[in-house]
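Down below is the structure, laid out as structure tokens.
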Amino acid sequence: MNARDPHYPNRPEWLTRPARKQVDDATLQREIQARGGLGERNLWSGRRVGPSGPPGGDSKRGGPGGQRVKDASKYRCVLELDVGRTRGSDAKQHVFCLYFAKGCCSQGSACTYLHRLPTAEDEAYAVRDCQRTSSAGRSARRARATERAQARLSATTAPCTSTTRELARTTCPKYGSCWNPTSAPLAPSTTSTSCTTRP
């Protein structure tokens, strides 16, 4: 297959067949019981959180003499066998099954997430979604900041000669920036004492 193909590395014949169950439910339950129940586990690796070595070892590193205790996963994702169509494929979503990636999804074709490798289209969707989220957040923060500034201004600044709260920024020939409720430029001879310079 060509790496520039939009479907690379997923083959079309893989995507039309139903995804297989990588692990049987009974086998998965037996393994959970053998490990001592679910307990506290790392979501990504599936390993128990906390010290896992015998007593007397370096507790920071997890094993005796400062060596990490590593255990190999019993399951592997085999693309030629495991890639297939799921409920997530029919929903047109771009969320991938974490358990499929680790090789231990017990749902198979009933899984609500995707059982395939990400494509360039998925990458573009993720980037577009992040940009939309960040720009929407920025515009919302900007709008809230503007509202707060207007509320502070209307609460602390009273109009020069009127009791209305609607202020218009004008250029005062005498003082420069002034606030005037009539939104007309101030003449120095008539309103020099009634305008308030902006702090």
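The backbone N, Cα and C atoms fix where each Cβ goes, and this holds for glycine too.
TrEMBL annotations:
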- 1-69: region 'Disordered' (REGION)
- 1-10: compositional bias 'Basic and acidic residues' (COMPBIAS)
- 91-118: domain 'C3H1-type' (DOMAIN)
- 91-118: zinc finger (ZN_FING)
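Model confidence over the domain 'C3H1-type' (91-118) is summarised by a mean pLDDT of 88. Across the range of the domain 'C3H1-type' (91-118), the DSSP-based residue counts are 8 helix, 3 strand, 17 coil.
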